[in-house]
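Working notes, structure below.
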């Protein structure tokens, strides 16, 4: 039955309008008719339950002088104010409305009876809150504020909005009344906010200030602080910014605990059964005033947040790269770190960087002529990675060390929904992990500014240059308003650092420390490497036999994962289909897969649902997948550095692993380098490799892409080239020659860039640096007397 007014009777709203539901007396006690209900009954207008709450005023006369309040959005389409009054004078009151289960509206455009002046309304409550002036679209809510009047004269701030953090969602409270053209109107707005509703049966119990934004106060709208969602109002329940985000806030303070998130981040720990073997790995740090290394995390001053998260991550003691890198970074020095894969490089730079960011706290946006937009983020830290998978992995680690803090990490990579990543940026970020292409795109869109960068990390730097990212990296570092070298702290991490990379680093690093952990460019002795001669047509049969032996082996468990590498995308799809037809639980990953498919494949592989993963090189670099017991090189790569990274997926963090490679005539180009690697890691040497290497040596073939003096003598980044001694008979000035086959001799030269001098290696005949001199590893494999280019003890060649 309709409640509308009709000629023969009264509607339900009219019948209840004169009732005093609060125990008082109605303003009008006579019979309620259609003639008296709208004009005569001024004090008892019935407010339906879904319209009761924060902003609506039950007294129409008061609302006329004070303006409509802040609609609080209690789960319905709430529009404050009386619609009949609004039609009488559309200029008189504009109460903000809220959408279903979203934030309430802003304070209305009020009319003052005494002065006859109209006040300007506040910003409407946007999605999950909002309010205030246009740029303050985060105050009390998430985003998307609607502008209401001149921001200098804005009315009440937006409603508190629902909290967007984890945990239950609660209705937000009303914002403050703000300022108006007339002081009396502002005072009326404050009185209105404090006024109790006439009908309190729907009133909710009080909550503490800051719990859900209900105590936003007068200054909830109009907050202009950078990244400050809730410094003086607003902020949703369980929001990291609910206690404020301004310069007066202690960012080192440990936040509230979230047990569900804690299990999600730290639920699985794997320290490795052979971790103590790392204690004997030699470490070399070169540079000026190198800080002393630490032996435990207690030896360095860390914030309470970092200590708590390190304990949750089950990091009982630092790895060798962490022992040296953490004190170097905390002391503000630039660093080039070269460590074997799986040695904890990610935590080595995340722990000290986030620790310094917590101590640094709030950094205001840069001063510029243009008006600052809250939609543009100015992070303090930037981590560049070559692949989407590595960027995602670093981001997951960053979330661990940012747990219970006010700092928010974000990840940017190509192949995913751009708008989704932009929404994540709009929520705020202090540390960005990104691939170079997508970061440049976001900078072009005006979503990210680099003016506040204090910490820059290039992870897997050699891989990024191999993939052709050097122009983009140079634009990001040198041309897009990033603070110059010396004003920011720059770190480069990778498992390999050829000399060309070290020379490039001189443009990005200032007075850096070179850190070499373990045999540079080598692989772990925890990995048992087996090389099998397999003709190309027989590879699939050998693979089936190998997988069957793994599955039937005594050490096989359901958590034992097998990673198979192939060279081409087509080969990955073909091999996956073949193994699937042979009833093996298998999935695959390569560059033509969508990001969603790649993430799903990695999830199935990590969980053990598909314990066999066929992959191209896209998954070879940096991915930390626990429990990979066996790596199979179905197709060997063309260079030994790629081989090192592939087999580095197993034997991580001290665990034992197995790597099996299929070798045939097609892999002759990698034979000599691979033989060196096997000798170095004390592996069994197949006779066919010795014969093939011997044939190549006597043939005088030129080694492509390598300097004279052999793999470890000239071009692999085994030493800090700033300490190499220049000179030598017949040497030339400029970059060292890249040729140098069997029997080639002659001294190195010198290279100088930006004040950093790199002396070339003296001598260096033959493949292994034999003869007179021969570079860093000269004499290790070649005959004759070798003189090393450094005066320090050369434990690399021992």
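Cβ from N, Cα, C; glycine included.
Per Swiss-Prot, the features are as follows:
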| type | residues | note |
| --- | --- | --- |
| REGION | 16-248 | region 'Disordered' |
| COMPBIAS | 31-42 | compositional bias 'Polar residues' |
| COMPBIAS | 94-110 | compositional bias 'Gly residues' |
| COMPBIAS | 118-132 | compositional bias 'Gly residues' |
| COMPBIAS | 154-178 | compositional bias 'Gly residues' |
| MOD_RES | 177 | phosphoserine |
| MOD_RES | 179 | phosphoserine |
| COMPBIAS | 198-209 | compositional bias 'Basic and acidic residues' |
| MOD_RES | 214 | phosphoserine |
| MOD_RES | 219 | phosphoserine |
| MOTIF | 295-323 | motif 'Q motif' |
| BINDING | 315-322, 339-346 | ATP binding site |
| DOMAIN | 326-515 | domain 'Helicase ATP-binding' |
| MOTIF | 459-462 | motif 'DEAD box' |
| DOMAIN | 542-693 | domain 'Helicase C-terminal' |
| MOD_RES | 638 | phosphoserine |
| REGION | 689-765 | region 'Disordered' |
| COMPBIAS | 706-717 | compositional bias 'Gly residues' |
| COMPBIAS | 740-750 | compositional bias 'Gly residues' |
| REGION | 778-798 | region 'Disordered' |
With Cβ-Cβ distances below 8 Å as the criterion, list the same-chain residues six or more beyond the ends of the motif 'Q motif' (295-323) that contact it, or say none.
252-255, 262, 265-266, 269, 271, 278, 281, 283, 330, 337, 339, 343-345, 347-348, 351, 354-355, 358-359, 400-405, 515, 517-518, 653
In the chain carrying residue 345 (ATP binding site), residues 6 or more apart in sequence that have Cβ under 8 angstroms from it:
321, 325, 337, 339, 459, 493
Neighbourhood of residue 638 (phosphoserine), C-beta criterion under 8 angstroms, separation at least six:
669, 670
Going by DSSP, is residue 345 (ATP binding site) part of a helix, a strand, or coil?
helix
How many helix, strand and coil residues does the motif 'Q motif' (295-323) contain under DSSP?
16 helix, 0 strand, 13 coil
DSSP-derived helix, strand and coil totals, residue by residue, for the motif 'DEAD box' (459-462):
2 helix, 1 strand, 1 coil
Let me check the 10 A CB neighbour count of residue 315 (ATP binding site). How many other CB atoms are there?
17
Pop the mean pLDDT for the motif 'DEAD box' (459-462) in here, whole number is fine.
86
List nothing but the one residue from 317, 319, 321, 343 whose Cβ has the fewest other Cβ atoms within 10 Å; the candidates are the binding-site residues.
317
Give the three-state DSSP assignment (helix, strand or coil) for residue 339 (ATP binding site).
strand
